[in-house]
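What follows is a set of notes on a single structure, which appears directly below.
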Amino acid sequence: MTIIRKSHPLMKMVNHAFIDLPAPSNISSWWNFGSLLGLCLIIQIASGLFLAMHYTADTASAFSSVAHICRDVNYGWLIRYIHANGASLFFICLYLHIGRGIYYGSYMYKETWNVGIILLFLTMATAFMGYVLPWGQMSFWGATVITNLLSAIPYVGTGLVEWIWGGFSVDKATLTRFFAFHFILPFIIAATAMVHLLFLHETGSNNPLGIPSDSDKIPFHPYYTIKDLLGVFIILASFLTFVLFFPDLLGDPDNYSPANPLNTPPHIKPEWYFLFAYAILRSIPNKLGGVIALVLSILVLAFFPLLHTANQRSMMFRPISQLLFWTLVSDLFILTWIGGQPVEPPFIIIGQVASILYFSIILVLLPVAGLIENKILKW
């Protein structure tokens, strides 16, 4: 087996990526989320494939086809809830993975980090289009509101929105193309994830200390395969418990009503994992300004490598940066809460303050903290 593993062209690639890969000896469980994201993607593609076999991408029958999956298809309800809650699991792992990258300075691997940002955008696009497919009230109005934001783009906005819609409103053409894109994008995500891994394996993994670990490397297998498997079992057990006991906890009750263009839901809001960005969008009274802030709320991640001023890579020994990091995490929780609230006082001002704080911490306070810490440590 050893001979094949090191000589066969295909096996050699797998060997270099997952078996004989030299890995730092001190990476913690925060490094498990890469493999868990791979697991999430596999779960989503597999469950999505089975759903697509029974789903009908037509405005007249989309809602009914989802009901048919839940009622008449063998274990259809389970596949549907695994897929719906799998998206939430995906984003939980994604946000923890990004948080780890920020805390330990993994963003200094610029190519890996930038491909990761592209992956985040692709995943968000996929999740948004998937939410439209059941053709419930929140599906329809969410699609209308979010696609309509593009009309804020000067000169080409209106034409662009109608081009995406395939008509003058969200209708059959929109649903059909969203299904097509929702089906193809996960495979594009899988290919991009391979590029992400390719760039990562050029440099090797970072570690909690943020120092070079070339002098102390261990093989990925069996050490980290076993460690990843532990994470997989914990996540799968938690996930299945959630799916089987609280399948609708994260969903919107409005989405159990068929789409009705004549009846607007009282509070239009996206799924929980987009609420922080939605809160930032709503905190700016101007439409174009809101759209720019929405895009920047994710694109701001690209500024981390450019604004790294500290002489240490990791935040492990930088208390001021640690304080700011956890303030940022708290701020994101506040933004998520505000995104789900109606647009009325005191939520408006809380959202605006939280949005300003979000950009201030990333663009101003963290770089300044890095410089202060350099001075304190006489680096």
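Just so it is clear, glycine is given a Cβ too, placed from its N, Cα and C backbone atoms.
Taken from Swiss-Prot, the feature heme b b562 binding site covers His83, His182, and the record attributes it to similarity to another entry. Taken from Swiss-Prot, the feature heme b b566 binding site applies to His97, His196. Under the heading ubiquinone binding site, Swiss-Prot lists His201, citing similarity to another entry as support. Residues or ranges marked as transmembrane segment in Swiss-Prot: 33-53, 77-98, 113-133, 178-198, 226-246, 288-308, 320-340, 347-367.
Features as recorded by Swiss-Prot, highlighted on the structure.
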| residue | record | CB count, 10 Å |
| --- | --- | --- |
| His83 | heme b b562 binding site | 21 |
| His97 | heme b b566 binding site | 20 |
| His182 | heme b b562 binding site | 21 |
| His196 | heme b b566 binding site | 21 |
| His201 | ubiquinone binding site | 14 |
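With respect to Cβ pairs under 8 Å, the transmembrane segment (347-367) is most closely packed against 320-340, considering the stretches 77-98, 226-246, 288-308, 320-340. Of all the binding-site residues listed here (His83, His182, His201), His201 has the Cα closest to the Cα of His97 (heme b b566 binding site). Between the transmembrane segment (113-133) and the transmembrane segment (288-308), the number of CB pairs under 8 angstroms, six or more residues apart, is three or more, so the stretches are in contact.
Looking at His201 (ubiquinone binding site) and His83 (heme b b562 binding site), their Cα atoms lie 30 Å from each other.
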